[in-house]
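Colleague: Pasting a structure here, questions to come.
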Amino acid sequence: MRSPWGKSRGVVGGRVKPRGGARGVAGRSRGRTSGAGPAWSRGVAGPGRGAGPQGGVAGRGRGRGAGDAARRSAVAARGARSCLAQWRAAGPCSSLASMSFVAVAEDSDFPIHNLPYGVFSTPGNPRQRIGVAIGDQILDLSVIKHLFTGPILSKHQDVFNQPALNSFMGLGQAAWKEARAFLQNLLSASHARLRDDTELRRRAFTDQASAVMHLPAIIGDYTDFYSSRQHATNVGIMFRGKENALMPNWLHLPVGYHGRASSVVVSGTPIRRPMGQMSPDDSKPPVYGACKLLDMELEMAFFVGPGNKFGEPIPISRAHEHIFGMVLMNDWSARDIQKWEYVPLGPFLGKSFGTTISPWVVPMDALMPFVVPNPEQDPKPLPYLRHSQPYTFDINLSVTLKGEGMSQAATICKSNFKYMYWTMLQQLTHHTVNGCNLRPGDLLASGTISGPEPESFGSMLELSWRGTKAIELGNGQTRRFLLDGDEVVITGHCQGDGYRVGFGQCAGKVLPALPPA
């Protein structure tokens with residue numbers, strides 16, 4: 001086995017050449033970001049507007065004149081730059097960009113700038129434990145928990161000896177920042193504590209390729225939003241026509257529904273085609289059978305950190321304190337089952353059969369260098385949903401599909417998280433405005449992420465325009481919806497100057513339906 005340490009050009013100041021990385025359940029992702037992150041500044045200059053539903057920084061001026069739109073764009077950009085400047089000022093030394101004693105390939109998702117958290121086990125040790133990804137290795141935090149001697153974590157070392165991240169998530173931002181700063185220091189080439197302790201290093205590191213990844217948290221509740229304007233518009237046009245594409249409430253609040261937490265699964269878990277009722281012919285009674293219009297949905301989601309007390313809303317000025325980190329998501333959807341059942345109460349069996357997330361939770365501080373102006377929102381939301389802090393992120397997203405008999409996967413979608421209309425701060429605040437209590441480990445998802453161009457549509461429903469257009473896969477294969485044996489893989493990364501911060505993979509393969517005995 002090749003050692004991940006040693007005299008690699010990537011150890012100090014340089015980067016190693018790309019090499020085979022961890023595949024396993026999580027697969028290899030790409031990415032990087034650094035810094036411990038800022039103490040969030042309230043009232044960042046400008047209204048934080050920008051990448052509107054049609055893309056572009058300025059968004060659409062909506063009849064107020066190009067000059068007004070340009071001024072709003074400039075103010076929003078200043079707000080994003082101010083936010084990033086504060087992050088840089090509060091973060092660790094930028095020389096960490098290429099300084100870890102763990103060799104990291106150039107195409108790795110997991111340099112020292114990222115350090116995402118996950119839960120893993122190994123064939124030799126089936127106990128689930130918390131780890132941090134660095135290169136193609138996992139640093140086992142249960143082995144080094146005694147090294148956390150900061151003012152907060154010295155009293156809470158046992159959070160790293162748990163089978164899930166919930167306890168650590170619940171400690172809050174100060175503890176997360178303390179852990180991140182400590183880990184970046186511990187893994188730096190200039191820090192000898194772990195670097196020079198051969199025995200501790202042997203026990204503390206595991207190859208990602210030999211690890212089995214698990215859900216990162218015990219998910220008590222899962223909520224899915226519907227926050228992409230382009231997606232909502234596309235679906236509205238298909239089913240209601242262009243004049244009634246958006247429902248009257250859509251521009252006033254982040255629409256969402258409560259999903260099924262028990263069927264959220266980690267990347268690599270197969271998804272069985274669901275059975276259910278459908279009504280393919282409105283003039284005839286419904287039928288029972290296997291879903292014929294199985295779809296994927298490109299989404300992202302965030303984990304809640306500290307919760308709120310029952311009956312006490314979280315103000316938007318403090319919403320960021322409750323967001324731990326982000327994952328990729330595939331919200332598998334049975335369109336024919338969904339169409340028949342969703343009126344009047346919304347999705348049920350058409351959604352609850354399976355939702356896949358990536359195993360590595362990228363902390364928000366790792367994403368702060370990639371913050372961009374928020375989308376322009378017109379009409380202005382009600383005061384409780386207004387915020388000026390930029391909290392939208394430039395995350396490149398891609399979806400591939402590989403069917404049986406295909407030698408390589410075909411890319412069917414390229415999109416970006418920056419296309420979201422409602423921000424995570426607004427989603428979390430709206431969720432609690434009625435006094436609903438959130439808990440550490442709750443999962444809140446974005447909804448399908450669609451961009452302005454057809455190739456950036458985040459579902460096969462849109463890519464095939466309700467099944468009327470074939471999606472070309474190459475080798476003569478096409479799809480309108482998913483077939484048995486199809487594997488869908490979602491990847492995502494933020495691109496920096498010479499580095500990337502990635503999320504790993506969110507992958508799932510479709511199994512045939514299993515009718516009741």
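From the backbone N, Cα and C atoms, a Cβ is placed for every residue, glycine too.
Please treat TrEMBL annotations as automatic predictions, because they have not gone through curation.
Quick paste from TrEMBL:
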- His231: active site, proton acceptor (ACT_SITE)
- Asp224, Glu297, Glu299, Asp331: Ca(2+) binding site (BINDING)
- Tyr226, Arg240, Gln338, Tyr342, Thr448: substrate binding site (BINDING)
- Asp331, Lys351, Thr355: Mg(2+) binding site (BINDING)
- 1-10: compositional bias 'Low complexity' (COMPBIAS)
- 25-44: compositional bias 'Low complexity' (COMPBIAS)
- 45-66: compositional bias 'Gly residues' (COMPBIAS)
- 1-70: region 'Disordered' (REGION)
Colleague: I'm trying to understand the geometry here, so how far is the Cα atom of Thr355 (Mg(2+) binding site) from the Cα atom of His231 (active site, proton acceptor), in Å to the nearest whole number?
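Modeller: Thr355 (Mg(2+) binding site) to His231 (active site, proton acceptor), Cα-Cα distance: 19 Å.
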Colleague: Take the C-alpha atoms of Thr448 (substrate binding site) and Glu299 (Ca(2+) binding site) and report the distance between them in angstrom, rounded.
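Modeller: Spelling it out, the Cα of Thr448 (substrate binding site) and the Cα of Glu299 (Ca(2+) binding site) are 5 Å apart.
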Colleague: Just jot down the residues in the same chain as Gln338 (substrate binding site), at least 6 apart in sequence, with C-beta under 8 A of its C-beta; none if empty.
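Modeller: Set apart from Gln338 (substrate binding site) by at least 6 residues yet with Cβ under 8 Å, we have Pro347, Gly350, Lys351.
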Colleague: For the recorded Mg(2+) site formed by Asp331, Lys351, Thr355, which further same-chain residues have Cβ atoms within 8 Å of the site's Cβ center?
Modeller: Asp224, Gly259, Arg260, Ser263, Glu297, Met329, Asn330, Trp332, Ser333, Ser352, Gly354, Ala445
Colleague: Taking the Cβ of each of the recorded positions and counting other Cβ atoms inside 10 Å, which one has the highest number: His231, Lys351?
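Modeller: Sorting the candidates by Cβ neighbours within 10 Å, the top entry is His231.
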Colleague: Compare the Cα of Arg240 (substrate binding site) against each of the recorded positions Asp224, His231, Glu297, Glu299 and report the nearest.
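Modeller: Result: the closest of the recorded positions to Arg240 (substrate binding site) is His231.
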